[in-house]
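Student: Mind having a look at this structure? Questions to follow.
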Amino acid sequence: MGFAQFPDNLKIMPSTACVLLLTICTVTASGCVDASCSLLGPRKDCGYVGIDKEGCEGKGCCWSPATAAPAPQPNEAWCFYHNADVSEYELVTAKDTDLGWEGILRNLTSTQPELGPDVTSLAIKADTSQADILHISITDLHDERWRVPSSMFPSADQRQRGLQKSKGAEYDLVYNTTPFTFSVVRADAANVPAIFDTTGQRLVFKEQYIELSTGVDANSSLFGVEERTASKGLRLQRAGIPLGLWNHDTLAANADTNLYGSHPFVLEVRPDGSSHGILLLNSNAMEVVISEDRLSWRVTGGMIDLYIMMGPTPAAVLEQLTSIIGRPALPPLWSLGFHQCKWGYKHVEELAEVVAAYKAADIPLDAMWTDIDYMDGYRDFTLDPDNFAKDKMQAFVEQLHGNKQYWVPIVDPGIKVDRGYPAYDQGLANKAFITDFTGQPYLGQVWPGATHFPDFLSKAGVKYWQEQLQAFHKLAPYDGLWIDMDEASNFCTGDICHMAQGAEPNASAWLCPNAQTGTSNDCQLVCDTEADLAKLTPEQGLYREPPYLIDNAHGQLLGHNTIGTTAEHADGTVEYNAHNLYGLSEAVATYAALQKVISKRPFILTRSSFLGTGAVAAHWTGDNAATWADLRESITTTLGMGLVGIPFVGADICGFSGDTSEELCGRWISVGAFYPFSRDHNTLGAAPQELYLWEAVADAGRRALKMRYRLLPHLYTAFHEANKQGSPVAKPLWFAFPDEAATHGIDDQWLFGDVLITPILDQGATKREGYFPKGKWYNLFDNSTIDTHDGGKSVTLDLPMGHVGVHLMGGTILPMQQPALVTADVAASPLTLVVALPHLEPLAHFADALAAQFKTKPGSATHGMTSAQQQGEVEKIQSIRSQAGDRELLASIAAASKMVQPGLRQAVTAGNKCGVSEPGRVTACGKVFADNGDQLQATEYASSLLDLHAEMMQDAATGAWQGRLTVTVNILATGAVESTRCSDSLLWPKIDSIVLTGMVAGQTVHVQSEVEDLVHTVPDEQVLVKQEQGQVVISGLQHQVDCNQSSTWLWTSADLQFLGAF
């Protein structure tokens, strides 16, 4: 074999015939199990109902009951074919390419024929063009295979892609030729476990079964593989239990099964905090299996499209992931407020009563939602002519808009089969629907009865959908859309279905029993008759029941309660391959439509999801229940979805199904107010649970939601960072503190932006332990402090009903605004900048520190001076201090030596590290993002990002602490506004107050202001200074932030001489 010249980061290991077989020899009471049988391997059923151990082994098969350790899912086969035999390929050719290298793999050893024949020749490509992402693809050399269309990621590739091999890659790719294995290690990192290593693992590649495995560090923590309600927490368990990925309409209240979304991504965090990510970009049904030392994918089709992200921090991994699947969308500002919904609002008047009741209770509310109740016979894009009549609904929405509130209705993908119904007629005429394997529009059933489903992978389907949304907006001017049932959900199971004999084709005369009350979802269609199934080709039969069955919804076929897997899209794609993309494709089409329909930034909420959904939609965690377990599990699901690129996520507050209680609902709103997406919603027939119905819940809602609304500028900034960097908005503690191993197992606390949330999650509890990472933490309700600067620790918090722990870490500057009942009023209020100082540690010796302070260093005011000159400057300042009054102090210093003022400015603009805490010096920083709140981020768009930097330094001569806060304005602009760098459409914030936490001070303040070298004095009576709850509040600044202008404020702790503003 001859090899071309390879990149520097590619290393070839000598060929070897020595292979570590992936076998498990389990010792039981009867001895050693056959080494070709693996408890953790793929199980193809070899038995029959009622088979026992003797019968199974008599057939030459493996026997392992569900009770065997490490216990697999109970619905897995107990009797299965041998599943641990070797499967190998060899690398027979390889050559260098512009982006990396490519080669051909040839099958050496076949295995498990019951799963189909092996693909004998594979094409492998390694793209090394990006220094921090390695992309490896393996597919059939001769036949094109399904892969996820790039159209599903319209906002991907936001950062510059490499056009040639990277010369400074952060990884080394090492491979062995015979058998072919490869490993990825960090470049220049010795004695560190590999990031990805297939040594000793099987490589299986069949038409409908692919298996890829890597060893994993036994001490690392793994996260990802969403979506599921995890009963054992956010961190993935390593018991070898298959985690199925296949979008399915299963109640979120059902733990530990596949749910509405599929995200084949794993984030690994090692004990030292170093992190990396592994993405298998494949939409076919699959299982991810994790044991103590191995991570495996079992995929039922497509190809190996593998991305290895080098991190090395969790934040870097998410930045790398979202560069592939698309950065999360920036939501409109109003959508960050509180939302109210219920399935079962009877008429438009009830909607108005709910809105009014929230206002009367002084509880914030930004958006009112309507479930399927508003529709005419559950037809999309219609209004019930009696209870939600057009004129009344338009008047209601107009009233909402007048109150600066918004309306969001539900829209399901199922289009009612009903001649004369425009959405149905137009869909047929434009061939906009998915077809069954006979070429007819696929017939399913959801709330309106018999339905067809739009084909969102086709141009005709997308155009049709946009036209329907345009017409619906003219009928009822919605502000956002809620797309539900988009897995797609189907009350029937079948590859081809018909209306029952005698049923009228006009579906308005054919509804499910009790459909008007929504209580029945029994299938009324006739599906998969023997005559119809006889028409399936052998290939189609394998789409219906593939050789390997993943664990879907605890043992169901892939077509269970969804569009049949033999259904086809306009381009010939079968639903077997594209099923997991249905909700994403609908969201992509809806996002594009709303940009045109409302000409504002779209807000879309989706239930179904796939990689990239966050780029176009928010997500709620589905149909949970009003239980304490669901409350706790809602946090792990919310955090988990943020780790796969969907930061705008939350659960139904107070629970969807069942009746909630006053205590549960009160505790839940204290949690849900700090979900990124915050909505109260419950089901038809359940007791109402609007927050104002119980006084204790109303109190809890007011307290928690008003804190959320005060945090609005911080929350909006967190979404801006997600939009630019892919970071979650609700983050596990380890995301920000990966080097603190104690955080890796915590999933009942989280960071809301940079604010630590610690709630009560147990019935009857009023106290709990909360972990506080290393630092100094301030309670945002009462400014009490928790000092952990010597190391993270658990602290007992007293949290009676209505209270939740909300803490800010020292080293952070937090922008806050005044609470109000709607986000528009919050956004119009002035900013308060809360400067949370880290632990203050004084200088040990003033004299020694003074000398150190004035050592010559680049950028310092005394750089280049002799020691005598430096001493002269110090004496000059000391003289000024003894002679000048408080008001004139800063101006005298600047005029006498020009030393302090330039030095201060230099330190601020030098990008000082945030949260520094060292003898005689601390720093803090933050950001504030601002735009007009809903403008499209395309063509002409302007926004501002305020960089906030604060520093406190102890004067080496007097011991007084002096501080400064600088606000630097950065204009972010696109299109025509870029040339002016300013825009009238941009809402410039006003800064009214600065709150200093972590310092002690006196009573007086004097202010000067300098902008663009124009100095004027602010009257003393305009500025108020007071100490309250252990903090210093400087208010009345009335500083209007303006384009291209920066400002600095200075103060001293001697008697709080707030010396000036520049």
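Just so you know, glycine gets a Cβ as well, placed from its N, Cα and C.
So TrEMBL has the following annotated:
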SIGNAL    1-29  signal peptide
DOMAIN    35-83  domain 'P-type'
DISULFID  CYS46-CYS61  disulfide bond
Student: Per DSSP, how many helix, strand and coil residues does the domain 'P-type' (35-83) have?
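Tutor: The counts are 6 helix, 5 strand, 38 coil.
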Student: What is the Cβ neighbour count of CYS46 (disulfide bond) at a 10 Å cut-off, with all protein chains included?
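Tutor: Cβ-Cβ neighbours of CYS46 (disulfide bond) within 10 Å number 20.
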Student: Compute the average pLDDT of the predicted model within the domain 'P-type' (35-83).
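Tutor: Value for the domain 'P-type' (35-83), mean pLDDT as a whole number: 86.
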Student: Around CYS61 (disulfide bond), how many other CB atoms lie within 10 A of its CB?
Tutor: 22
